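Feature list (source: TrEMBL):
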- K72: active site, for sulfotransferase activity (ACT_SITE)
- K72, G73, G74, T75, R76, R155, S163, Y263, K278, G279, R280, A281, H282: 3'-phosphoadenylyl sulfate binding site (BINDING)
- C264-C273: disulfide bond (DISULFID)
- 63-302: domain 'Sulfotransferase' (DOMAIN)
- 1-20: signal peptide (SIGNAL)
Amino acid sequence: MAAFLLGAVLLIVQPQIVPSRPAINSNAEASSPSVQRELLKKTSQKNDFKENIYSNGSCQQLPQTIIIGVRKGGTRALLEMLSLHPDIAAAESEVHFFDWEDHYRNGLQWYINQMPFSYPHQITVEKTPAYFTSPKVPERVYNMNQSMRLLLILRDPSERVLSDYTQVFYNHMQKHKPYPSIEQFLIKNGELNVDYKAINRSLYYIHMQNWLKYFPLDHIHIVDGDRLIKDPFPEIEKVERFLKLSPQINASNFYFNKTKGFYCLRDSGRERCLHESKGRAHPQVDTRLLEKLQEYFHEPNKKFFELVGRTFDWHTFVAS
């Protein structure tokens, strides 16, 4: 009888297990297979990697900030402009750690080895535009660092679709491979082809909902990509404040290159522009088709504005 009473007491006082991650809505994408769950647990441990330290005090460390997207939103321009700040150390290449299984399987030590050497006072930044639209990424980033500061640069969804097509088109042209016209992607059976991947990437509110399951809105700074192109300095000032950086970048760091048609950078007397692949002319699209594309994004854009509590000056067309 005494043994029975002791067992009952232990059951009552046993502490409940509290989940370490935010609860996911029942309609969210199913969890990864057991192998991936175990990997997620492993990569969230702080003692399964080591920082590579140089004698001068610099070291490779996990990023404190990630530019998560969006593809063709201006992520390269944002990273180059942010790199003007002396307290920023940026990874040169897109790492694709959280969205490519072959990379993620390598664990945090592999990830940290892809980072630049930086000093303790610097913020390490990496950018991979595909993160924003990858369903698995938000949870994986959260498990690595719940305090991560995220940068998201967006532009007019319709314009982003055209840029997306343009990049793939030129990639094929450089390899002397044929590529269908944009109309063949945008139109299917006489209607707008909403299954076109480039259109899906521009449905910002869907992807943003996924990120907000794990990170509060004040941990995600949205850069207006259209304004960054036209007048970069005010947008970079906002990024400095979000990252709590001292104001080091100023208007004199930017100058408009009339030949290229966009802003270039001036740093310590040196001038440099983005790669020639940036700022390419979009294909000519029939006005009615463009209006149909803009009309399609009208409601998704409204949902996105409500979700983030701000509006953007994106083209919209509403049929009368």
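Cβ from N, Cα, C; glycine included.
Predicted automatically and left uncurated, TrEMBL annotations should be read as such.
A simple Cβ count within 10 Å picks out one of the recorded positions K72, R76, H282 as the most packed, and that one is K72. Considering only the recorded positions K72, G74, R76, S163, H282, the residue whose Cα is spatially closest to the Cα of C273 (disulfide bond) is R76. In this structure the C-alpha atoms belonging to S163 (3'-phosphoadenylyl sulfate binding site) and C264 (disulfide bond) are separated by 20 Å. The number of other Cβ atoms within 10 Å of the Cβ belonging to G74 (3'-phosphoadenylyl sulfate binding site), over all protein chains shown, comes to 27. Sequence-distant neighbours of C264 (disulfide bond): residues of the same chain at least 6 apart with a C-beta under 8 Å from its C-beta are F254, Y255, F256, N257, E271, R272, C273, L274. The local packing around C273 (disulfide bond), expressed as other Cβ atoms within 10 Å of its Cβ over all shown chains, amounts to 16.
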